[in-house]
Structures are given as C-alpha cells and as structure tokens.
Amino acid sequence: MAISKAWISLLLALAVVLSAPAARAEEAAAAEEGGDAAAAEAVLTLDADGFDEAVAKHPFMVVEFYAPWCGHCKKLAPEYEKAAQELSKHDPPIVLAKVDANDEKNKPLATKYEIQGFPTLKIFRNQGKNIQEYKGPREAEGIVEYLKKQVGPASKEIKSPEDATNLIDDKKIYIVGIFSELSGTEYTNFMEVAEKLRSDYDFGHTLHANHLPRGDAAVERPLVRLFKPFDELVVDSKDFDVTALEKFIDASSTPKVVTFDKNPDNHPYLLKFFQSSAAKAMLFLNFSTGPFESFKSVYYVAAEEFKDKEIKFLIGDVEASQGAFQYFGLREDQVPLIIIQDGDSKKFLKAHVEPDQIVSWLKEYFDGKLSPFRKSEPIPEVNDEPVKVVVADNVHDFVFKSGKNVLVEFYAPWCGHCKKLAPVLDEAAMTLKSDEDVVIAKMDATANDVPSEFDVQGYPTLYFVTPSRKMVPYESGRTADEIVDFIKKNKETAGQAKEKAESAPAEPLKDEL
C-alpha cells in the first residue's frame with residue numbers, strides 16, 4: 001500500500017527533528033551540489049536490467065534505493081560499505097546492494113517497491129517472495145548486528161531462565177509464544193507472524209512459562225505474552241488467528257501516550273504514531289517550565305477515557321517538536337496547545353489550553369462541534385513576479401475559480417530540483433506573458449496545506465488546471481520550451497471554458513480544511 005502524502009510530510013518533518021544540525025546542513029548542500037560517492041567494492045550495484053536476476057540468485061539480500069544528490073545517502077555510503085565487507089564473511093554471506101532510484105532507467109523499480117524517500121532500504125527474502133522494510137541502525141556496526149539477527153530464525157527458543165535474561169531487554173518490546181508443544185496450528189501461526197514482523201519486533205517461544213520474567217508455571221497454554229517498557233509491562237493474548245495476533249501486537253506495542261522528546265528510545269514509537277492512519281491528538285508544551293505534571297496527569301486520564309475511540313495520543317516538548325510545528329503551522333506563542341489531525345488530514349486546534357479544558361475539548365471534537373483550521377502563509381499583498389505565488393488561503397480562488405489555465409508547482413524550499421526548475425518556470429511565464437488565458441503559479445508545500453485535489457508525493461509536483469477544472473499532472477520535460485508547448489497543447493480557450501462553466505451544474509469544491 002502506498003504511503004499517504006500526509007504521512008510522507010510528517011515523516012519528513014520528524015526526520016528533520018531527529019537529525020543532527022550538521023546532517024541537515026549536509027543534505028541541503030548535497031541537494032544543491034549533486035554528485036555521487038565512488039562505487040564500493042563489497043556493495044553490489046544493481047539496475048533495472050539485472051535486478052530480478054540478483055533477487056532470484058540471493059536468498060537474503062538488502063537493497064538500498066538512493067539518489068546521488070541525497071546527503072543522507074552520502075553519509076550512509078561508507079557505513080554501508082563497511083557493513084557489506086563484514087557481512088560478506090558471514091556464513092552464509094549476507095549480500096548488500098544498491099540501486100540509483102533517481103536514474104530514469106530505474107524509476108519503475110522505485111515505483112514497484114514504493115520508494116517514497118531516500119535512502120530507503122528493503123530486505124528481500126526467499127528470492128523476493130518476502131520483502132520487508134529495513135528498520136535497523138545506519139552505522140556499520142549496528143547494520144551488521146541487526147542483519148545477523150535477521151538471517152537467523154524469526155523466533156528463538158527460550159530453554160532456560162538464562163536464555164530469557166539474555167533475550168528479553170526491559171527497554172524493548174519482546175513477544176513470546178508459550179506452548180505445550182512446538183507444533184500445531186497455534187505454533188504455526190505464531191511463527192508465521194514472527195517471520196512477517198521480524199523487522200519490527202523480537203520474538204521468542206518456549207515450553208516453560210516459568211523461565212520468563214514474572215513467569216508462572218501454571219499459565220494456561222498456548223498463550224502469547226508481550227513484554228514492554230511502558231504502561232502495563234506485560235499483556236497476554238490467547239487468540240492465535242494470524243490477523244488477530246498482528247492486531248494485538250500492533251495495539252499493545254505503542255504507549256497509550258507517546259512522548260515526543262529527544263530520547264532516542266521513544267523514536268520507534270514516534271514513527272509508528274505518525275504512520276498510523278488513525279486520528280491523532282497532540283499536546284505540545286514546554287517540558288522544562290510550567291505545570292508539566294498537571295498537564296501530563298490530565299492527558300493520561302483523557303487517553304484512558306477515550307481509549308475506545310479511533311484516536312492516538314502524543315505529548316510533545318516544544319524544543320524537540322520543531323519539525324512538527326513547521327508541518328502543522330503552529331507557533332511557540334500558542335503553547336500550551338492541543339491539536340488533532342483526523343484521518344482526512346483535517347486539523348483542529350486549541351491554543352493556550354488549560355489542563356481542565358482538555359477532556360471537554362476532546363468531547364467537543366468527538367461530538368463534531370469543532371471547526372477545522374488550515375495552515376497558510378499570508379496572501380501576498382504584491383504578486384507581480386512572472387510566476388505567481390499562491391497560498392492555502394487563496395489557492396482555490398486562484399486555480400479553480402480564475403477562469404484561466406493554471407500551471408501550479410508545489411515545491412519545497414530545500415529541494416535541489418525545485419531550485420533548478422525555478423528559473424525555467426520564470427522563463428516559461430515570461431514567454432506566455434501576453435497570453436491572458438494562462439498563469440504559472442507556485443506554492444510552498446511545506447508552509448501551506450496542500451488541497452486534497454492534488455496528490456503531492458514529492459517535490460516538485462506540477463499540475464495543469466483548465467478553466468473547466470480539468471486537472472492534468474505535468475510529467476513532461478523540464479525545459480521552458482517543453483513547458484510552454486505542454487501548456488499550449490492542453491489549454492482551453494476562455495470561450496470554451498465559459499460555455500462549459502455555464503452548462504455544468506454547480507458543485508461544491510473540496511476543501512482541505
């Protein structure tokens with residue numbers, strides 16, 4: 001399933017928060033400079049021609065999908081090479097490979113494997129029959145340790161208390177199947193789930209419940225026991241249906257309230273929180289000042305009260321949450337604040353919230369009594385450049401109601417490709433300056449909510465919208481002449497547009513509020 005545009009934006013915002021300032025500066029510079037690291041010896045370089053053959057040849061292979069201009073890819077390259085050299089000595093060898101997903105030849109591969117950002121690493125098992133996201137460390141030693149575990153059994157047998165002590169880390173989630181015998185439907189289903197989710201969790205199985213921490217020899221088997229470092233420390237399930245077991249693990253492995261701070265132990269829960277399609281309630285405040293404990297206690301009460309609703313809860317420190325503030329269009333002078341983003345990406349905000357207002361405000365949300373808000377830059381007072389600036393508050397009027405043919409670009413200020421395209425769009429706009437039926441516009445998609453009509457999965461993304469509201473994704477060349485030719489070919493005349501508008505029944509515009 002393709003990752004939603006909302007999740008991509010959130011993930012990018014979160015990546016900014018979790019990256020060191022030096023790494024952010026490096027990526028910005030790399031985006032402008034381009035270039036690629038020298039080819040490594042131990043890492044296989046693959047392309048579309050030999051990719052399927054390589055996957056079929058190796059029972060276990062890790063593939064990095066990268067872009068030459070990506071700063072994080074450049075940072076990973078030497079660590080990935082060191083890991084490849086070490087893992088080539090493993091028995092059996094663990095193969096590391098890479099694909100330039102920015103190369104036109106390889107873009108079908110990137111589409112096939114749903115590559116949404118760089119670098120993305122995928123684990124290919126059993127000649128590609130089982131493909132999982134690599135979610136391990138990004139430095140050589142960590143890569144080696146993580147992948148050695150990945151080639152072993154998906155679940156390790158716990159035969160003694162010492163095994164349990166060595167395997168079950170009280171700072172991580174660990175899932176144990178407790179059985180009367182290591183066979184049968186329950187055992188088979190457990191091992192199937194362990195294999196499927198092994199990139200996300202650690203699994204074990206045992207015949208002896210008393211070997212486990214807080215174990216009980218009299219436990220009724222079969223049973224799945226999940227250990228975790230938050231909330232209730234142990235939860236059990238007796239439902240061994242594969243789907244039910246996956247849901248149990250997913251529901252039990254996220255804190256009731258996720259904490260957004262600089263503690264790396266919380267980062268996996270943050271990623272899972274933002275990846276969820278459920279509505280999200282987020283309380284932001286300054287952890288080091290103000291009545292933090294009173295907010296925290298009330299918020300946990302709220303999470304418990306609304307636990308049966310399709311909503312997840314997060315409490316965030318302002319200092320650590322700058323990326324989220326940028327994504328949601330929040331300001332520090334609004335803190336303490338609570339914001340909800342629902343499954344349709346509508347947002348609801350209460351600034352300067354007091355602890356005793358949280359539960360009642362959440363009730364208003366569930367009762368449908370709140371009005372959504374939209375992130376937008378101010379509408380420009382002067383807009384006389386060749387390429388017009390549009391923002392969330394005027395994009396519908398400008399693009400859909402102007403009666404003109406509009407080519408609109410959604411860009412990010414840090415995007416190297418966007419910077420290269422900017423003068424090209426200026427040139428195309430100047431060429432078409434005398435055509436009153438045509439406008440070229442741009443929107444900063446990091447500072448404005450993108451209307452739901454547009455599917456923006458990367459930058460730059462361009463759409464051509466005619467006066468009759470026909471939308472055409474722009475996927476042609478990146479020269480001024482090619483852009484001009486495309487517009488001339490696809491534009492509608494004002495007369496045609498007027499006739500269509502008069503004959504078409506009125507219908508409300510969708511609005512991503």
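Placed from the backbone N, Cα and C atoms, the Cβ positions cover glycine too.
A TrEMBL annotation is a machine prediction, not a hand-curated record.
Going by TrEMBL, these are the annotated features:
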DISULFID  C70-C73  disulfide bond
DISULFID  C415-C418  disulfide bond
DOMAIN    32-152  domain 'Thioredoxin'
DOMAIN    373-492  domain 'Thioredoxin'
REGION    493-513  region 'Disordered'
SIGNAL    1-25  signal peptide
Largest tally of Cβ atoms lying within 10 Å of a Cβ, found at which of the disulfide-bonded residues C70, C415: C70
Residue counts (helix, strand, coil, in that order) that DSSP gives for the domain 'Thioredoxin' (373-492): 33 helix, 25 strand, 62 coil
Pairwise Cα distance for C415 (disulfide bond)/C70 (disulfide bond) [Å, integer]: 10
Helix, strand and coil counts within the domain 'Thioredoxin' (32-152) (DSSP): 47 helix, 26 strand, 48 coil
